[in-house]
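Q: Let me begin by handing over the structure; questions about it come next.
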Amino acid sequence: MASPTSSLVHPFQVSIAQSTLDDLQTRLRLTRWPDKETVTDWSQGVPLAAIQDLCEHWQTKYDWRRCEALLNSYPQFTAAIDGVDIYFLHIRSKHENALPLVLTHGWPGSVLEFRHIIDKLVGPESDGGSPEDAFHLVVPALPGYAFSGKPTETGWDYRRTARAWATLMQYLGYADDGWVAQGGDWGAHVVASLGHQAPRGLKSVHFNSIFFEPKKEVQVPISDTKGGERAMYLEGRRDAGHRGYSLQQSTRPQTIGYGLADSPVAQAAWMYEKFRDWSHNDGNVETVFSKDEMLDTIMLYWLSNSGTSSARYYWECEFDSTAWPINIPVGVSWFGGDNSYAPKEWCERYYSNIVYWKETERGGHFAAWEVPEDFVAEIRQWRRKIR
């Protein structure tokens, strides 16, 4: 049985002081609201009525202690790696031969993205799987996110994060027997870097987000013309009014950080917009996520004061692409509502051994959170290709 092999790994429990929650309520109550948008849609950002409705729920109905209890129901740890304390969940299956899997979130995500898949992956019999489908899960928070430490020096991009994850898996005793990695959003960048680095024990990687440069890749024709057209269309849609957050965070994260650190409404709106824009919904984000679950993730950023440090990750990650040469087995699951896409023929230029590929109709950018059953099915199909 694998167990922490380093004295640098320590148990962790979430315990937020009541005074911190009281301060949040005071700030919400004293919010100075801006004037209403001059349009009837979301083209200027989160409508005033929408964010006021979310924040009214936050004030009167939301219960942080419920979320705190959920987090504390999982084995939580921190590990000192390269000068930063990395917070992570470590949930082992009862099946000793389960495959170790590190799951990596992105922005504006958190370890809570995986709440609906944890039990299914560690105990597959609970929903029709077999013991051979079982995983031991390691779910870290990116540096500067939630309860992970905030880097105090430059250089913490996804490549350095990937090296930290390899060290973490070594700490946990998984490097010798083999492990796999999965990620979306920034997690996909970490996974691409892991696949490129191919650290000891890493057997395969899986993406549910693919970030390429369509204007570069399209210069070489492919047979899948519809796939290329889709990638160009989605790239154009992202450019048309949806890149402001990225430009701000990748150039002046400290400036936006003052508002995110001081105003819970600013932090909430900054994230809520992306939950709505990036999930696969009919225009109403609450058909996909409940207010409570969105606020759970917003609270992780607010309570840890990580709005600025998480934004800084964009500043660090100058090369926004998962197009890295990878020779170990690769799996890709694209969920139809996501806006990050590249056709298989583009990926084959960089990933020499794609063992699993599927494009689905349901789900969006937060696939594990949005469509957990579909996501688990994809993970199991990928795993069966690498046994």
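Yeah, the Cβs are placed from backbone N, Cα and C, and that goes for glycine too.
Curation does not apply to TrEMBL; its annotations are automatic.
Dumping what TrEMBL says about this protein:
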ACT_SITE  Asp185  active site, nucleophile
ACT_SITE  Tyr314  active site, proton donor
ACT_SITE  His365  active site, proton acceptor
DOMAIN    9-114  domain 'Epoxide hydrolase N-terminal'
Q: Same chain only, sequence gap of 6 or more: which residues have a CB within under 8 Å of the CB of Tyr314 (active site, proton donor)?
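A: Same-chain residues close to Tyr314 (active site, proton donor) (Cβ under 8 Å, separated by 6 or more) are Trp107, Ser246, Gln249, Ser250, Pro253.
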Q: Please list, in sequence order, the residues in the chain of the residue listed as 'active site, nucleophile' that are at least six apart in sequence and whose C-beta is under 8 Å away from its C-beta.
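A: Those within reach of the residue listed as 'active site, nucleophile', by Cβ under 8 Å and sequence separation of 6 or more, are His105, Gly106, Trp107, Gly109, Ser209, Ser340, His365.
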Q: Would you count the other CB atoms within 10 A of the CB of His365 (active site, proton acceptor), including those on all shown protein chains?
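A: Total other Cβ atoms inside 10 Å, all chains included: 23.
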Q: Check the domain 'Epoxide hydrolase N-terminal' (9-114) for me and report the mean pLDDT.
A: 98
Q: How many helix, strand and coil residues does the domain 'Epoxide hydrolase N-terminal' (9-114) contain under DSSP?
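A: Each residue of the domain 'Epoxide hydrolase N-terminal' (9-114) counted once, the result is 38 helix, 23 strand, 45 coil.
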